[in-house]
Amino acid sequence: VVKAFEMEIIPAERIVAQIGDTLILTCNTTGCASPSFSWRTQMDSPLGGKVSSYRTYSTLTMDPVSIVNSHSYLCTVMCDGRGIKEKSVKVELYSFPSDPVIEISPSLVAGEPAIVTCKIPDVYPSDRLEVVLKKDEHVLLEEHFLEDDSTNTETKIVTYTFHPTAEDIGKEITCVAKLPIADMDFEPKERTSSQKLNANFGPQNTVITTSPGNLLMEGDSLNLTCVTQSNPPAKIVWSKYLAEESIQHLIKNSVLSIPHVHFNDSGRYICEVINLVTNKTEKATVDIIIQGAPVITKLSIEPSTTVQEGENVSIECSAESNPPPKIILRRKSDNADMRPYSARSIPLPSVMFQNGGDYECLAENKFGKIKSEITLNVKYGPRNTMITVIPTAALKEGETVTMKCTSSGNPAPVISWKKKKATGESEKISKNATLTIQNLKSEDLGLYECEAYNQFGKEEKAVKLYVQARLEEPDQMIPLIIAFSSVAAVAVPAVAILIYVSRQAKINGSYSLVKALRLKV
């Protein structure tokens, strides 16, 4: 069954809307797969809204509704092969958004004239507005705006002057505003405001109460209450004195609450009360003292906790408490304090690797103490490179000799071994710190170099092993020389240690040491 092509507009025919609100008109279709929508006003005025079209419906959104939307809106739907349909809706506008505002000035003084003003904000249409001003049930003034021809919202004002008497104090001034448009369905159509006639005074007798008191421990809760006598009620502003006589504004409330007080909450607090009617101001102050154990507020190393040897470094520790803390800043491995009882920066110009390590800051007063730690990591190139040759007993050809290279640095140096060739070039032979030569032969003799390296530099040391050839004459003294010399990156004269070995001639196949030799470089 094919559905008939139909349309509807929601709301239908007529809608009452308040200026400033949001209004959505919806145009729906049935029986048409691909409708085409269009919106216009009957007078072809601007739409004053946003059109959004979907598969079977279209919306016209007015956000916010304004005076330009007072029109009849026409929705036209075209359906291919099934014709065109149109429907309209009339948008009628009003504005009555808030209650009247009553102002009575100046302060009432018996026998002197007083002016009562009633303001009705943003009314439309104002020619339908009715205003009644009463004192208790007695009508003071009734006003209509029938001659008003405004075309937009307006704030209407009714003013009445009278001479109050002592009996008027405590009576109520009431302003009743009505917008009785019989053929428009909206609520409310009547708004009312009232204000008592009072003698305005104050502020006076302003005091501050503290709970639990003026002297607190850190972490306690604090409530400061400002009490004053004023009519109308005074505006209360809390503030606090800072250094150099400046003032920090806090809150606008009669009670200032601090759930957990801190040392920097100590100071003088000011309650300022202002009567906006009498235009008078009064102040009260209270001094608050916060005590407690120290809190370390800063422990730092500048420019960084990790530095290169030679940089300028400073270590800073600061703490706060009441009474003021004693502060000790020291390296944990040191017995002596670097600078006791100081909260200022401690300089380490041209820092050395010996300055690295853990530093601690201690802060103490009569309520307690606290400690915090920080680590200084000093990076530096290899140094104190040493070579150890073992064993120390006499060697024979075919035995094993071990040479161990050690070096300090941060990060830990990478150690490698090289050996000098006959051509003078060096050949890398090991990437280990320990070099072991097994089955010792004459061709193993020569200059061995140890290199210690990291990203901040390198250091080299060397050891030389050599032997003089044997003689074949009996009873001849054979100078068998094994010499070790330490060679750094710069030229260092070689030091040879001669060891003479007395042997008979024609001793075949062995070299021996009669004295143990161990060299550390």
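Cβ atoms are placed via backbone N, Cα and C, with glycine included.
Mean model confidence of the domain 'Ig-like' (5-92) amounts to 92 (pLDDT, 0 to 100 scale). Marked as domain 'Ig-like' by TrEMBL: 5-92 (among others).
Per TrEMBL, the feature domain 'Ig-like' maps to 203-287 (among others).
DSSP places the residues of the domain 'Ig-like' (294-377) in helix, strand and coil in these numbers: 3 helix, 52 strand, 29 coil. What TrEMBL records for 294-377 (among others) is domain 'Ig-like'.
For 382-464 (among others), the entry in TrEMBL reads domain 'Ig-like'.
The transmembrane segment annotation in TrEMBL covers 477-501.
DSSP places the residues of the domain 'Ig-like' (382-464) in helix, strand and coil in these numbers: 3 helix, 52 strand, 28 coil. Listed stretches 5-92, 294-377, 382-464 were compared with the domain 'Ig-like' (203-287); the greatest number of C-beta pairs under 8 angstroms is found for 294-377. Counting residues per DSSP class in helix, strand and coil order gives 6 helix, 53 strand, 26 coil for the domain 'Ig-like' (203-287). Helix, strand and coil counts from DSSP across the domain 'Ig-like' (5-92) read 3 helix, 53 strand, 32 coil.
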